[in-house]
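Engineer: To start, I am sharing the structure in question, which I have written as structure tokens.
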Amino acid sequence: MNALPFTFLAAICYWAAASYQGLVLTRHAPARQELVQWLALGALIAHATALGWHLFTPDHQWLFSFFNTASLINWFAVSLLLLASLRRPLLNLGIGLFPLAGLAVIGAQWQYAVPSLPKGISTGVGIHILTSLFAYSILTLASVQALLLWLQDHQLKHKQMRGLIQVLPPLQTMETLLFELLLLGVGFLTLALVSGALSIEAFFAQHLAHKSLFSLLAWFIFTSLLIGRYRFGWRGQRAVRWTLGGSVLLILAYFGSKFVLEFVLAS
């Protein structure tokens, strides 16, 4: 037995859930939230099983490669989305998140990875890794929410009253959800940065400087947007642009260097 069957099962369930959501958003199928949730739950279980093979060597060393990390972050993001969708109208975010999760788990199956963390790590480093995963996952959800908000706002401005407008929550609710995600994501990002600075001696050393710098810039953008929202009422396209800009910086902070090291220089 290996990870391959679980990898394919996870990807198929993710893409099936996203496809059905696409049909709902284009008004070609009735909304059935329970169906999407069950498909996503099945994907999560298969994905978690595959991660057990992808993330660890036989002697339990961590394998944080580009796709393994993307796969883990997407697993966290989908898990949080499913839990949040029980109380908040957030399941529509799966239209963007589920395909990414499917691609990430497929990529993790085929990318060769080498051990990147020792068996034993300090509590501080463990906290840094965990809070970073939560921050990336929540801010990934915020990015997808920002894209849906942009599409919804675009349709309203062009008086297109069919499609997304008919199935998404009202614009004000969508904006409220975006800022709730940002507030939670920035909280975890703050914890990740503080724990990293306290527990990693080389946090600002040359080989980590770009990660720290881009992460701090992303934190500054997200925090400025939250302050602008609650002090000056920022909303709409400005909120979308700042959210996506901060997300790009956060992606570059970790995945930019890993992409160059594992795909560009390795080839």
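Positions of Cβ are set from backbone N, Cα and C atoms, glycine also.
As annotated in TrEMBL:
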DOMAIN    44-264  domain 'Cytochrome c assembly protein'
TRANSMEM  6-26  transmembrane segment
TRANSMEM  38-56  transmembrane segment
TRANSMEM  62-83  transmembrane segment
TRANSMEM  90-113  transmembrane segment
TRANSMEM  125-151  transmembrane segment
TRANSMEM  177-200  transmembrane segment
TRANSMEM  212-230  transmembrane segment
TRANSMEM  242-261  transmembrane segment
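Could you give the neighbours, burial and distances for every feature on this list?
Structural biologist: If you take every residue in the domain 'Cytochrome c assembly protein' (44-264) and average the pLDDT, you get 88.
Same-chain residues lying 6 or more positions outside the transmembrane segment (6-26) and placing a CB less than 8 Å from one of its CB atoms are 32, 35-36, 39-40, 42-44, 46-47, 49-50, 53, 78, 91-92, 94-95, 98-99, 101-103, 105-106, 108-109, 163-164, 167-168.
Residues of the same chain lying 6 or more positions beyond the ends of the transmembrane segment (38-56) and with a Cβ under 8 Å from any Cβ of it are 2-3, 6-7, 9-11, 13-14, 16-17, 20, 62-64, 68, 71-72, 75, 78-79, 81-82, 94, 98, 101-102, 105, 108-109, 113.
Remote same-chain partners of the transmembrane segment (62-83), defined as residues 6 or more beyond its termini with a Cβ less than 8 Å from a stretch Cβ, comprise 14, 37, 40-41, 43-44, 47-48, 50-51, 54-56, 90-91, 93-94, 97-98, 100-101, 104-105, 107-108, 110-117, 133-134, 136-138, 140-141, 254-255, 258-259, 262-263.
Sequence-distant neighbours of the transmembrane segment (90-113) (same chain, 6+ residues past either end, Cβ-Cβ under 8 Å): 3-4, 7, 10-12, 14-15, 17-18, 21-22, 25, 33, 36-37, 40, 43, 47, 50-51, 54, 63-68, 70-71, 73-75, 77-78, 81, 84, 140-141, 144-145, 147-148, 167-168, 177, 262.
When Cβ-Cβ distances below 8 Å are used as the criterion, the transmembrane segment (125-151) is approached by residues 72-74, 76-77, 79-81, 90, 92-93, 95-97, 164, 168, 171, 174-175, 177-178, 181-182, 184-186, 188-189, 191-192, 195-196, 199-200, 222, 237, 239-240, 243-244, 246-247, 250, 254 of the same chain, each at least six residues removed from its ends.
Non-local neighbours of the transmembrane segment (177-200) in the same chain are 88-90, 122-125, 127-128, 131-132, 134-135, 138-139, 141-142, 145-146, 149, 169, 208, 212, 215-216, 218-219, 222-223, 225-226, 229, 239, 243, 250; each lies 6+ residues outside the stretch with a CB under 8 Å from one of its CB atoms.
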Engineer: With a Cβ cut-off under 8 Å, give me the same-chain residues at least six positions beyond the ends of the transmembrane segment (212-230) that come close to it.
Structural biologist: 139, 179, 182-183, 185-186, 189-190, 192-193, 196, 203-204, 238-239, 242-243, 245-247, 249-250, 252-253, 256
